[in-house]
Amino acid sequence: MPSESTPLLHRHHTAMDAREVQRQRVATMVILLVLTLERLAYYALVTNFFLFLNKGPWEGPQAWNSLDAMNAVFVLAGVSYISALLGGYISDAWLGRFRTMVMGFLMYILGYILLTLMAIDKLPRAICGSGASFSDSPDIEDPSPPSSPCRAAVYISVTIVGLGVGTVKSNIAPFGAEQLNTANPQRTRTFFNWFYWCINLGSLVGVGVISYIEQDSPGVCKNGFFCGYLIATVCLVIALTIFVAVYPCYYIAPPEGSVLGNIARIIWEALCAMVKQCRYGRSENDQSPLHVEPRFLDRAKIRYGGSFHESAVDDVRALGKLLSVFTALIPYWLVYFQMETSFQAQGLHMRFSIHGGNGTNSTLDHASMYNEVGVSKFSVPAAWLTLFNQLFLIGAIPLLTTFLYPVMDRAGIRLSMLFRIGIGMVFSILAVMTAGGLESYRVFLWRTDNSSHIEQIVGNVTYNGVDISIFWQIPQYVLVGAAEFFASIAGLEFAYSAAPRTFQGMIMGLFYTMEGVGSLLGTSLLWLVSPFWLNNTTDFGNINENHLDFYLYFLGVLQFTTFLIYCGSLYMQRFSLRPIAMPRSRRRRRVGVVTGGARGAAGSPLIPDDLAEEDGEDIDDDEDENDEETEGDDRLSHHGNSQVLL
């Protein structure tokens, strides 16, 4: 009988495994499709939102000036990323990832409906009344230009959209990884590679197709922004429908409950223990010459007199390490968000027509010439330059994942996540410095060569530019793409793999929140430097009399300084020595011996042999603790038998 039942049991397990594999495949493919549609909608908005406000969706003169439009884009991006922390906390503590994502999609769609109505001026006058005065009273001359009409409606809409974006963003990555239901790092890495690839595929369609519709209003679409926002809204509705329809295939992890209380109590208990030691000194049990001074959070552990288990305290310490890395990425995000703000402002003042020309009125003259010969003139949307960023990533991610990384693995060389983040910072410096150099040359031509001046009309706004092809911006977009490939992907992988399971959603939200901090700091930085470098507000939308190049150079210097601090902190973290607390009566006699025995490398002896024989128990405890630290560091840096570049 056993011999007959064994094949049946084997076939039963095989069938179960096949169904599980099918379930995982369907769930992950649907999540990646939903991600693609969501990113399409997001980039269709954020990429051209500067132009939407700068040209105005209403009939009449230009609506928002460049500085206010930049700040509105920063607010949209900032709320989107900062709300990710709230979305991660809600999913971890109360609702779970699935229900939290459904709630986020509903807010997302509501905000997009408001923007779609705004594009055709159908919002109630109570929140969007200033735009109506442009067309209702055409005979009344107002010597002062309009100041940001529909301000309340714009900020309400972008806040709702931002909350939806952040809620979805913080949960879709860990929810997709949970469907694999495996601890295999290779499968997890493969998922995240395709995850980031889908992000760029969605942004490619959003920028390449929908932004073109928004800017040029082709075919039957007379109002480009209305058509573009309507298409994005439909995509979000389809994404939500598909996401909910495949509910039976998902693996749903229950919420873990709030961990913020434990985090606060651990920090408070460690602080109280440290204050108590400073006031009363160490106990007699701590007078051993080899006693290892506990670190700050270790004072909350049970073995050091606290009331928390080792793993709970270690989870909080991991949160501190993650936060330090996320903070170092803030200047990188400042540069990254320039693609939606200053890079576009720069591109709108360059020649984005395929057919160039000279002269102040060259655009109008060439338009009449092309009409005579029956040739249509094609203008490159300013937002299309970000396509080179997406195309670079779409091509580079599969290439490096399937070819370069395996070759390096076989050669015994692995780039750790922290090392890749550093490489991304270097590319970020090169990108913003390249943009600054191009802007300096553009402004130089504007001020010294009147024959290079051109006028270009986008919608109902005339931009005074320089006869330099907008394609000269390609290098800075490609360099941002290279920085994104290393820093963004490594940061996302680091946030997921190094986060404790108990608050993984909150950590993922924290990662995106730091992006939002970078966006909002960009807003503050604009207001800080505007009196010096961006003080020309008499000609709305015109940056020719400003010093945008100084602003870009400043970002490059800030990123370079952060890169140096980042490298220094990694070096100190790798080669730092644990302090050994000596008794007061022996400290002066022993300190020279102990520090003299250190050789400055991991695993080097810090204590002479005679002291080691004197108290071997403390050494064993110290070695066990160091082994735990080494194991955690190895997990974060992919350390194995191969060479790891930190």
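These residue numbers are counts, starting from 1, taken along the chain as shown.
Heads up, the Cβ atoms here are built off N, Cα and C, so glycines get one too.
For reference, TrEMBL has these:
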TRANSMEM  26-52  transmembrane segment
TRANSMEM  72-90  transmembrane segment
TRANSMEM  102-120  transmembrane segment
TRANSMEM  194-213  transmembrane segment
TRANSMEM  225-253  transmembrane segment
TRANSMEM  318-339  transmembrane segment
TRANSMEM  382-405  transmembrane segment
TRANSMEM  417-438  transmembrane segment
TRANSMEM  477-498  transmembrane segment
TRANSMEM  510-530  transmembrane segment
TRANSMEM  550-572  transmembrane segment
REGION    597-646  region 'Disordered'
COMPBIAS  610-632  compositional bias 'Acidic residues'
Practice problem: Could you tell me whether the transmembrane segment (318-339) and the transmembrane segment (510-530) are in contact, taking contact to mean 3+ Cβ pairs under 8 Å with a sequence separation of 6 or more? | Solution: yes
Quiz item: Which range out of 72-90, 225-253, 318-339, 477-498 gives the transmembrane segment (382-405) the most CB pairs under 8 Å?
Solution: 477-498
Self-check item: Winner by Cβ pairs under 8 Å against the transmembrane segment (26-52), considering only 194-213, 225-253, 318-339, 417-438
Solution: 194-213
Quiz item: Should the transmembrane segment (477-498) and the transmembrane segment (417-438) be scored as in contact, given a threshold of at least 3 Cβ pairs under 8 Å and pairs 6 or more apart?
Solution: yes
Exercise. State the residues, same chain only, that lie 6 or more residues beyond the ends of the transmembrane segment (194-213) and have a CB under 8 A from a CB inside it; answer 'none' if no residue qualifies.
Key: 32-33, 35-44, 47-48, 173, 176, 221, 224, 227-228, 231-232, 381, 383-384, 386-387, 390-391, 393-394, 397-398, 488-489, 492
Quiz item: Who are the chain neighbours of the transmembrane segment (102-120) in space, where the CB to CB distance is under 8 Å and they lie at least 6 residues beyond its ends?
Solution: 38, 41, 45, 52, 57, 87, 95, 128, 150, 153-154, 156-168, 171, 223, 225-226, 229-230, 232-233, 236-237, 239-240, 243-244
Quiz item: Between 72-90, 225-253, 318-339, 550-572, who has the most Cβ pairs under 8 Å to the transmembrane segment (417-438)?
Solution: 550-572
Quiz item: What parts of the chain pack near the transmembrane segment (318-339), using Cβ distances under 8 Å and only residues at least 6 beyond its ends?
Solution: 74, 77, 263, 297, 386, 389, 418, 421, 424-425, 428-429, 431-432, 435, 477, 480, 483-484, 487-488, 491, 494-495, 498-500, 503, 507, 510-511, 514-515, 517-519, 521-522, 525, 552, 555-556, 558-559, 562, 565-566, 569, 632
Quiz item: Apart from its near flanks, which chain residues at least 6 from the ends of the transmembrane segment (72-90) lie with a Cβ under 8 angstroms of it?
Solution: 42, 45-46, 49-50, 53, 64, 100, 104, 154-155, 158-159, 161-163, 165-171, 258, 260, 337, 340-341, 503, 505-517, 519-520, 522-523, 526
